[in-house]
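Take a look at the structure below.
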């Protein structure tokens with residue numbers, strides 16, 4: 001019996017051949033390659049680097065080395081602390097909602113200034129997303145995260161101490177730069193450092209951390225609501241989280257793949273030994289393949305123009321389809337108003353009839369719904385497929401319809417009904433969005449080809465913050481023009497409904513597909529993809 005018989009029957013024959021060839025290549029490599037000699041040379045190189053490293057180089061590395069006998073402890077520590085960066089982003093998105101109530105009185109801001117204060121964070125994040133690529137390339141993944149902490153901390157201090165709206169503007173913008181840098185670094189840092197069998201779970205922790213941060217932000221706002229000048233404590237509390245992340249990063253290593261990419265092989269191998277059991281042949285082979293891949297990538301970049309990948313992203317149909325799909329995927333989540341709802345939740349609840357104190361406390365309901373909604377998608381993303389979670393956008397429409405309907409109920413005649421309908425809508429909307437938000441990180445990373453993935457992710461990140469800025473900055477104006485019901489049900493709900501139709505027809509299913517199979521999927525003309533989706537839907541409902 002062949003060693004390759006008895007494979008999963010659901011795997012395509014083309015994929016079976018590819019997997020078999022990879023295994024054969026590795027078996028042949030094992031026969032013709034002297035692992036012990038190669039590892040001994042790498043060990044010698046790493047020890048030489050360790051002994052020759054100067055004090056300045058140690059300080060420049062920004063690291064206090066931790067070593068665990070069980071390497072998975074280091075892997076989990078790295079994944080957990082890196083994903084903790086999401087808490088910073090989540091806290092900021094929600095805490096401004098409670099701080100806005102006291103801030104208006106002390107800073108004497110009008111509606112336009114309030115809108116700008118809320119929206120300057122995503123505007124700064126747009127700038128940070130543009131800074132992310134050069135920082136990642138020149139300074140490394142971990143140092144880019146450290147730099148993001150500095151931006152975030154300076155911005156948080158300025159917000160907490162602001163004596164007028166101009167200082168608040170500057171603080172929110174600087175804080176946003178930190179969030180923008182962080183958003184593009186975390187996934188890359190974790191994915192390049194941890195083993196494949198835990199990579200998906202640890203990367204998904206970032207979205208969970210964002211949702212957790214949003215709940216914590218609402219809780220902090222509730223704690224300090226009745227404290228004199230409490231809005232300053234609310235905004236200043238961000239320093240606690242940025243300080244924890246900043247301190248924790250000093251105990252984590254740099255990405256071993258980035259070090260190999262920079263031809264710092266000895267240092268890369270030292271890090272690898274902290275993250276892998278180097279006596280395991282698979283870990284040895286993975287490092288050797290990683291080193292070879294980094295060398296080949298370096299040689300390829302020497303031959304090609306730096307603009308070639310950008311050109312390929314727009315001129316090759318397969319890449320262009322992926323860019324359009326990923327961009328719409330990210331945009332739909334933002335244009336249905338989630339950031340406006342998060343930033344102005346206390347204000348919105350005040351309009352429906354809650355008093356100021358109750359508005360701040362009840363904001364926890366929305367944040368908690370988002371957190372709970374995130375958990376199933378993280379656990380079962382691969383079990384149910386991308387299209388299943390993408391269809392959650394219809395839940396946005398239902399939730400927004402209830403929110404809009406709540407504003408139409410006469411609060412003087414039936415306050416309890418108005419509050420109940422509104423809260424039910426918020427719970428549904430935020431819960432369904434929690435699951436959909438995971439796709440914001442998963443789908444773009446799967447869609448782009450290897451050569452265009454960095455550029456594609458940069459564009460998606462930029463668009464995410466661009467729409468977040470647009471929605472939050474124009475919220476007050478749109479609310480005055482549309483009314484609360486017209487904005488939530490008509491505009492945001494309308495986009496959610498259109499998005500549902502788009503996802504139904506144009507969203508490909510990438511579940512259980514290799515990157516090569518996804519290449520084939522996006523090489524398919526859009527009309528053919530629509531026909532395939534319709535056939536699959538007919539087949540599914542025919543079984544019902």
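Going from the start of the chain as shown, residues are counted 1 onward.
In case you wondered, yes, glycine gets a Cβ from its N, Cα and C as well.
Feature annotations, courtesy of TrEMBL:
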type     : residues : note
DOMAIN   : 78-511   : domain 'Major facilitator superfamily (MFS) profile'
TRANSMEM : 77-101   : transmembrane segment
TRANSMEM : 113-132  : transmembrane segment
TRANSMEM : 144-163  : transmembrane segment
TRANSMEM : 169-191  : transmembrane segment
TRANSMEM : 203-225  : transmembrane segment
TRANSMEM : 231-252  : transmembrane segment
TRANSMEM : 322-345  : transmembrane segment
TRANSMEM : 360-381  : transmembrane segment
TRANSMEM : 388-409  : transmembrane segment
TRANSMEM : 421-443  : transmembrane segment
TRANSMEM : 455-475  : transmembrane segment
TRANSMEM : 481-505  : transmembrane segment
Task: Leading stretch by Cβ pairs under 8 Å, where the reference is the transmembrane segment (169-191) and the options are 113-132, 203-225, 322-345, 455-475 - done: 113-132
Open item on the list: Three or more CB pairs closer than 8 Å, sequence separation of 6 or more: does that hold for the transmembrane segment (421-443) against the transmembrane segment (144-163)?
Closed with: no
- [ ] Given the cut-off of 8 Å on Cβ pairs that are 6 or more apart in sequence, determine whether the transmembrane segment (203-225) and the transmembrane segment (388-409) share at least 3 such pairs.
- [x] no
- [ ] Please give the average pLDDT for the domain 'Major facilitator superfamily (MFS) profile' (78-511) in this predicted model.
- [x] 84
TODO: Please figure out which one of 77-101, 113-132, 231-252, 455-475, 481-505 racks up the most CB pairs under 8 Å against the transmembrane segment (388-409).
DONE: 481-505
Open item on the list: As a test: from 77-101, 144-163, 481-505, pick the stretch that has the greatest number of Cβ pairs under 8 Å with the transmembrane segment (231-252).
Closed with: 77-101
Task: Sequence-remote partners of the transmembrane segment (144-163) [C-beta within less than 8 Å, at least six residues beyond its ends] - done: 62, 82, 85, 88, 107, 124, 128, 132, 135-136, 170-179, 181-182, 185-186, 189, 232-233, 235-236, 238-239, 242-243, 245-246, 249
Open item on the list: Counting CB pairs under 8 Å, which listed stretch among 113-132, 322-345, 360-381, 455-475, 481-505 touches the transmembrane segment (77-101) the most?
Closed with: 322-345
- [ ] Please give the sequence-distant neighbours of the transmembrane segment (455-475): residues at least 6 beyond its ends with Cβ less than 8 Å from one of its Cβ atoms.
- [x] 115-116, 118-120, 122-123, 125-126, 128-130, 132-133, 176, 180, 183-184, 309-310, 313, 319, 322-323, 326-327, 330-331, 333-335, 337, 339-340, 343-344, 440, 444-445, 447-448, 487
